[in-house]
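Here is the structure we will look at.
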Amino acid sequence: MKNLERLFAEKLLKIKAIKLQPANPFTWASGWKSPFYCDNRKTLSYPSLRSFVKFEITRLVLERFGQVDAIAGVATGAIPQGALVADALNLPFVYVRSTPKDHGLENLIEGELRPGMKVVVVEDLISTGGSSLKAVEAIRRDGCEVIGMVAAYTYGFPVAEQAFKDAKVPLVTLTNYEAVLDVALRTGYIEEEDIATLNEWRKDPAHWETGK
């Protein structure tokens with residue numbers, strides 16, 4: 001396991017951004033029930049951790065993608081993270097809505113991109129990958145090239161990994177499900193018996209049910 005994955009997992013657990021509720025699962029926008037929830041937006045309320053996330057995402061953008069013309073954040077969770085990274089890199093920033101505004105200019109992309117720009121998308125969390133890749137499609141329709149995506153966290157579902165592969169979008173993340181579970185177990189945040197529930201959910205999250 002990479003040091004960054006473990007380190008960020010430790011930081012998320014320290015601020016209680018990881019929630020485990022097998023008996024009272026969370027419902028995601030996709031409709032999936034989940035005993036596990038990562039609320040990494042809480043990092044915004046901790047200045048030192050906010051700076052850590054900005055620095056590490058910025059570093060990954062530079063190391064993995066080289067020449068970048070603009071940063072795009074996926075609304076709403078990745079707007080602040082994306083803006084911080086764009087500021088650190090002195091690059092233009094835009095954010096992509098899930099749906100166009102129903103008034104005014106009815107924009108889907110807020111900000112200005114020019115055709116031919118090389119864009120890196122910043123996302124706060126990857127689950128199924130659906131909303132993230134819709135943002136990619138919107139940017140491509142504007143005539144820009146999406147050269148990659150950096151996310152703070154991913155659940156690492158096979159359906160998402162395949163979707164990113166099909167869309168030809170390289171994805172890098174600060175941490176992931178496996179790293180969080182490993183650190184959570186070692187630090188006593190979860191118990192061994194919790195692992196079985198979490199593993200059952202991970203195998204088939206679309207059909208997982210409480211107590212099954």
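Numbering starts at 1 and runs along the chain as it is shown here.
Cβ atoms are placed via backbone N, Cα and C, with glycine included.
Look at Swiss-Prot and you will find Arg97, Lys101, His103, Glu123, Asp124, Leu125, Ile126, Ser127, Thr128, Gly129, Gly130, Ser131 tagged as 5-phospho-alpha-D-ribose 1-diphosphate binding site, backed by sequence analysis. Taken from Swiss-Prot, the feature orotate binding site applies to Ser127.
Feature annotations (Swiss-Prot) mapped to structure.
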| residue | record | CB count, 10 Å |
| --- | --- | --- |
| Arg97 | 5-phospho-alpha-D-ribose 1-diphosphate binding site | 17 |
| Asp124 | 5-phospho-alpha-D-ribose 1-diphosphate binding site | 24 |
| Ile126 | 5-phospho-alpha-D-ribose 1-diphosphate binding site | 26 |
| Ser127 | orotate binding site | 21 |
| Thr128 | 5-phospho-alpha-D-ribose 1-diphosphate binding site | 18 |
| Gly130 | 5-phospho-alpha-D-ribose 1-diphosphate binding site | 14 |
Problem - Residue pair Ser127 (orotate binding site), Arg97 (5-phospho-alpha-D-ribose 1-diphosphate binding site) - Cα distance, angstrom, rounded - result: 17
